[in-house]
Every structure is written in C-alpha cells, then in structure tokens.
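**Student:** The annotation active site is assigned in TrEMBL to Glu175. Per TrEMBL, the feature Zn(2+) binding site maps to His174, His178, His184. According to TrEMBL, the domain 'Peptidase M12A' annotation covers 75-274. The signal peptide annotation in TrEMBL covers 1-17.
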Amino acid sequence: MMLQAAILSVLFFSVYSFTIQASFEKREENSNNTIEDDNFSVSTLLEKANVNLGKNLDDPLVLFGDIAVPTDLQNADPCTARGCLWPKATDGNVYVPYRISNQYSTRERETIVQSLRSFAQSTCIRFTPLANGQRDFVDIQSREGCFSYIGRRGRGQVLSLMRRGCVFLEVIQHELLHALGFHHEQNRSDRDQHVRILLQNVKRGLESQFTKVQTRNLGTPYDYGSVMQYDRFAFSRNRQPTIVPIPDNNVDIGRATRMSPTDILRVNRLYECNSIASRRHLKPGQRKHFL
C-alpha cells in the first residue's frame, strides 16, 4: 500500500510539473493572449501587441513604438507643432471626454474604466463619458495593437487597446499619458545623461524608435520607474540590452506596473493642477504630487 502511494505521488508531481512547464511554454509562445502578460513590462506588452501594426493600409503611421502621427504632421512633433493640451474648466479640473467601443467584454471594459478613473485620484484630469455636443474626445477601440496620438488632436482621436495584449492597467495608463501630451522617457531631450542607447542591438529598421524628442521635462528628473520608460531589452534583435542606465547600469528600468509619483507630478505640472478646487478631494498623502 505504501509503495502504491509513493508511486501515485511521483506520478502526480510529474504530471503537475509537466502541466506547469507546458503552461509556461505556452505563455511564452502566446503571451499576448493571456492574463499572465500583466507580469511583463509595458514595452514587452506593447512590442508583442504591435507586431502586426502598420501592415494594413488603414493603420496610422506609428513612431516610437506606439505613437500615432497624423499625416500632415509626420515630420514634426505633433504636440509642439500645435496646441495639444486639453482645456481646463473653471473649477480647475481638465475634463477629457471618452468613448469606449462595444468590442470589449464586461471585464475588459471595467479594466479600462478603472484605468481612466485612476487619474482622478491624484491629478486634476477627469476622464468623462462622451456627452452630446462634445466634439473632441478619446475614442477607445480595439484596433491592431496599442497606440495613441500625442495630446489633443481634435474631434474623435483613436486610442487603440487591442483586446489581446493591451488591456492592462499599465498599458492603458501609458497610452492615456500619450493622449495627455507625454512622450516616452527614453526619448527625452536629456536622456543621454541618464541612459545609453545601444543601436547595434536594435532590430533593423527600428533605430528611429530611439530618436530624441525636444520635450518639456517640467523640472522633473529622469525617471527609470516611469510607466513611460521602456525596459532595457526593448526592440532587441539579439537578446542584448538596447537601453542601459548610466552611471549605474544595475538600476532596474521599465518595470512599472502603474504611473510613478513622477509621472503624476508631470501631469499636474503640465496641466497646472494646483488650484484649491482641483485639490480639495485629495487626502494629505496625495498632495505631494502637486509640488
């Protein structure tokens, strides 16, 4: 009896181990289809989800991995070439209308709404459902890949969150920050003081993803923990790093699972979220993001 029990135990753990290994391998092969992707970096999620982006004629021109560029502004930074901020209301808040496509499941829609509401916890940004008469809004759709325009474009501007691969809090916040006017951290105008870009390790034809942009850094430091920072292997063609932090190359980068305090501070500075009205609802611990 003890021998039989021992044999059954070995068989059980063998099957269990095989199941776990098979599940892990399947996740590696199909990671943009599973919830486990939530453990990956934002840049990994975006790179996997956007693998086919640009292959269809209907897809917009996309630069820097996930930034859509209008055809009339392909040679300029859309946010500096025109006014791109969303307007502020008299109560000190910035109301950004949105519409969510009916393509999403109930659970996916809840995740998107939760991400939209997260901005109200520590900024004056208020994403609100589109109402009659509102012309400019963020049109959230499940298109090919994850992408957004930079800042307010005018009328309905598509923000794509493909169902398979993009509906995660950190990815949604990342794309919404683009829609508010923010670029990637590694494209900052002062990035060479903080990271070294190894173009020899970047996939052929994607070197432009690491071009510096003339950004407004709003008096904030480079933030390795920003949800806008790609990880060190972003767009790597040989499993070698493409982004190395300096002077300490051991600093962890690109692993944010939500907006960092610096991300929040930048939103508040860009939109001047310092009025009493916009801060009234905040708890004392949240007010540090308004310095």
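The backbone N, Cα and C atoms fix where each Cβ goes, glycine too.
TrEMBL labels come from automatic prediction, so no person has curated them.
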**Student:** Taking His174, His178 as the binding-site residues to compare, which has the smallest set of other Cβ atoms within 10 Å?
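**Tutor:** The binding-site residues His174, His178 were compared, and His178 has the fewest Cβ atoms within 10 Å.
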**Student:** Among all the protein chains here, how many other CB atoms are within 10 A of the CB of Glu175 (active site)?
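**Tutor:** Within a 10 Å radius of the Cβ of Glu175 (active site) lie 25 other Cβ atoms.
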**Student:** Between His184 (Zn(2+) binding site) and Glu175 (active site), find the distance joining the two CA atoms and give it rounded to the nearest Å.
**Tutor:** 10
**Student:** Quick one: average pLDDT across the domain 'Peptidase M12A' (75-274), no decimals.
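**Tutor:** For the domain 'Peptidase M12A' (75-274), the model's average pLDDT rounds to 93.
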**Student:** Within 10 angstroms of the C-beta of His184 (Zn(2+) binding site), what count of other C-beta atoms is obtained when all protein chains are considered?
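**Tutor:** So the Cβ neighbour count for His184 (Zn(2+) binding site) comes to 25.
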